[in-house]
């Protein structure tokens, strides 16, 4: 039974989609004014992994993730670069698609843009005005937060506490327009020279929160199964989405809210963000780090937990991935001399691993326990591959299971070239050196023995480890 932690109820709940066998899932996408950084990628990877697991369990997943292609940040960035807002959006949407493809994130079923849905946004805002939930003022349109009885339910904050915080962030201009400090913009009047659209309230553009309400309900329906994003979106963005959507449709907006933990960096574990200027873009890091390693590093931490980004943690991920790849290569190598022996014992054991993996992942997508099962499977694979007589059917069954489970983490397992290259040997020697330093002699011997099977002999000398090919 799959359970998911629902931010709205603050507890794990059995996952039951509205329509059996189909999951409608919306993930808040980026504001496309710059390259995505590692923190943005964490959200994309976390929920791509959720999607992959749902598909693994047999669900058809309608996965919608938007692009915010007009807002204050985009207007500012376009002016700084001397290009139009649409040109800026096109530049960074293309970059997003390239970067996410590099880290093996499946394209969404739909990637709608805010600017493609202006007509629907205006209609949605008009509906809220007619119902008394919104009011126009000098070209802007604001939402009456207090009119929505459940405002604050997602973030668990009282209206009084929210009012104190909101009062501190209301500009002088907004003081004269808003009926209440809690009210937020649905539509913003255009300033001179800004990109804008005609509306019943004059030229303007949509507010950020209304974009996601409109696009999620337009493409997935009035009630969606999963709405996901980073923890920083819980309030005000997702809180406001609930208020807007449920006021307009009169129906429950989202059945399960999922929020991923932050990526932290530095000795003080600061949240990685553009505002703190401590971010690293995916565009830059994949020039130095194997994209599969970055993906594996991100995908193997449970989505609600924070991730500490560091070179040491990346190195650990590299070593663990090498360990899995080496086991896969050993199996491939043994296919050459495998016989047609019995496979039943192996397939029975694989069923146990498969069930163990599902049990782990069914617990709120617990990838850390899931990958622990993969490591157990790898250990079993290595022991089997070292036997004198192996079955071809068994070898292929183990490989198939490894490929299937690793694909859920977004990692492609493929056989390396039969002739192991020098770079790979050096990586394994370095991994062996670390294992010996940590007194992990079992892993050290495993690397040495696996290389020997591939015709590589290691020699430990006072000057370091050398190797030769038989």
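Quick reminder: no glycine exception, Cβ is built from N, Cα and C everywhere.
Straight from Swiss-Prot, the features:
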| type | residues | note |
| --- | --- | --- |
| BINDING | 28, 212, 237, 241 | Zn(2+) binding site |
| MOTIF | 30-40 | motif ''HIGH' region' |
| MOTIF | 271-275 | motif ''KMSKS' region' |
| BINDING | 274 | ATP binding site |
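Secondary structure counts, DSSP: the motif ''HIGH' region' (30-40) has 3 helix, 2 strand, 6 coil. In sequence order, 208, 209, 211, 213, 216, 227, 229, 233, 238, 240 are the residues of the same chain, not among 28, 212, 237, 241, whose CB sits within 8 A of the CB centroid for the Zn(2+) site.
Looking only at the motif ''KMSKS' region' (271-275), the predicted model's pLDDT averages out at 71. Less than 8 angstroms from the CB of residue 212 (Zn(2+) binding site) sit 26, 28, 66, 237, 241, each of them six or more residues away in the same chain. According to its DSSP assignment, residue 28 (Zn(2+) binding site) is coil.
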